[in-house]
Amino acid sequence: MASSAVLLITGVVVVAGALLLSQVEAELQKVQHSPKEHGSLTVLAVGDWGRAGQYNQTLVAEQMGVVGEKLSADFVISTGDNFYNDGLAGDNDTAFFRASFSDIYTADSLQKPWYIVLGNHDYTGDALAQQSPAIRDVDTRWTSVNKSFIVESGIVDFFLVDTSPFVLKYWNESKFDWRNVAPRDTYISNLLKDLEEALTASNATWKVVVGHHPISSGCEHGNTTELREYLLPVLKTHGVDMYLNGHDHCLQRTSSTDSPVEFVTSGGGSKAWAGKFKPTSDKMEFLYDGQGFLSMQLTAAEARFAFYDVSGEVLHAWELTKSPTGARIVS
Ligand SMILES: *[C@@H]1O[C@H](CO)[C@@H](O)[C@H](O)[C@H]1NC(C)=O
Ligand SMILES: *[C@@H]1O[C@H](CO)[C@@H](O)[C@H](O)[C@H]1NC(C)=O
Ligand SMILES: *[C@@H]1O[C@H](CO)[C@@H](O)[C@H](O)[C@H]1NC(C)=O
Ligand SMILES: *[C@@H]1O[C@H](CO)[C@@H](O)[C@H](O)[C@H]1NC(C)=O
Ligand SMILES: *[C@@H]1O[C@H](CO)[C@@H](O)[C@H](O)[C@H]1NC(C)=O
Ligand SMILES: *[C@@H]1O[C@H](CO)[C@@H](O)[C@H](O)[C@H]1NC(C)=O
């Protein structure tokens, strides 16, 4: 009944070149998470949350627990900005980690793996701390195997992508922790190459790319130009069904006017109600400026999504189905 997670750390492949040069080929690491026995998978997604319970973080967490129980959640995805304002100070910053994570998401239904991407606020602290075994030892749900990695389940593959390094303006600020990232150009081109290879190899019915920053958004921050330039073309070319992000503290769904990609923001984990909006040329399907989270119920044939508010009310729900030929219908 219960789904299981197996950590499969993909090794580094060393390829000997023709001129006796050796080339190190990185690959995105994979975590395998099997669906339930009857072939379904339920995932919750929340972003922009870690504030020691403040700004309704606790209310959102409680309702995630209720919905997680009702739908039998298999795991949770965090879309980043896990700890405010400046991430974790180090892998010994365990008191704040507990106060903002372990002591908040306490429901039985949420005692499942949490797959993590980093947001810009995580990068202004110790950006390596969240991948540290010392943090995982504090709470074994915490699964941040690398800044980018893949959660593979057979019916759906989630490609978690580290988006902060794309954003040019951050490179002008001294407070970002770019250890193991700089130089930017190399990092981005390797990441995009690894992502393209992984998307090409993926046989999953549903392909979901997860990052922190929005590609399309009508909320406060709006779209991220660098992601529209570099990441969006990859999503379009490789038949990605959905791009899921946080950063904007709202719940939102837009659809691309020239491809099947849907853009979904789940960034309502704590502080919200900014009351500021940006224009978007994509088709706005739904926007809620307050707190909440997303559920995804997936089988090989259909995917059902819903946004919930702080009292657990469904604000917006939609469904995607796939015919055996792979054609997709939105309803
Ligand atoms: C994390 O991923 C990067 C890029 O794929 C890779 O170069 C690096 O070796 C990985 N880190 C670990 C600890 O495996
Ligand atoms: C908490 O949620 C309620 C209901 O949406 C809202 O009225 C209130 O303003 C929220 N509090 C904060 C701090 O955002
Ligand atoms: C964590 O380690 C740093 C560096 O050793 C130290 O300055 C800091 O006080 C430690 N913090 C805690 C909460 O123990
Ligand atoms: C970064 O700083 C340089 C030099 O001050 C400036 O020319 C450039 O516009 C800044 N770039 C961004 C994206 O803020
Ligand atoms: C996808 O399917 C092909 C053909 O069955 C197989 O060779 C390949 O290993 C599969 N890829 C993954 C990532 O499972
Ligand atoms: C991206 O954001 C800019 C600035 O808000 C806006 O003018 C532009 O229309 C947006 N582009 C798309 C494709 O939504």
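Heads up, the Cβ atoms here are built off N, Cα and C, so glycines get one too.
Note that the structure is a prediction, hence the values are computed from the model and not measured.
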So TrEMBL lists D81, N120, H212 for Fe cation 2; which of H38, H247, H249 goes with them?
H247
According to TrEMBL, which candidate in D48, D103, D108, D282 joins D81, Y84, H249 at the Fe cation 1 site:
D48
Around the Cβ of H247 (Fe cation 2 binding site), the count of other Cβ atoms that are within 10 Å:
28
To the nearest Å, how far is the Cα of H247 (Fe cation 2 binding site) from the Cα of D48 (Fe cation 1 binding site)?
7
What Cα-Cα separation, expressed in whole Å, is found between N120 (Fe cation 2 binding site) and D81 (Fe cation 1 binding site)?
6
Taking DSSP as the reference, which of helix, strand or coil describes N120 (Fe cation 2 binding site)?
helix
Work through the binding-site residues one by one (D81, Y84) and point out the residue whose CB has the fewest other CB atoms within 10 angstroms.
Y84
Around the Fe cation 2 site formed by D81, N120, H212, H247, which additional residues qualify by having Cβ within 8 Å of the site's Cβ center?
G47, D48, T79, G80, L118, G119, H121, D122, T163, S164, H213, G246, G267
Taking the Cα of H212 (Fe cation 2 binding site) as the centre, which of the binding-site residues listed as D48, Y84, H249 lie within 10 Å of it?
D48
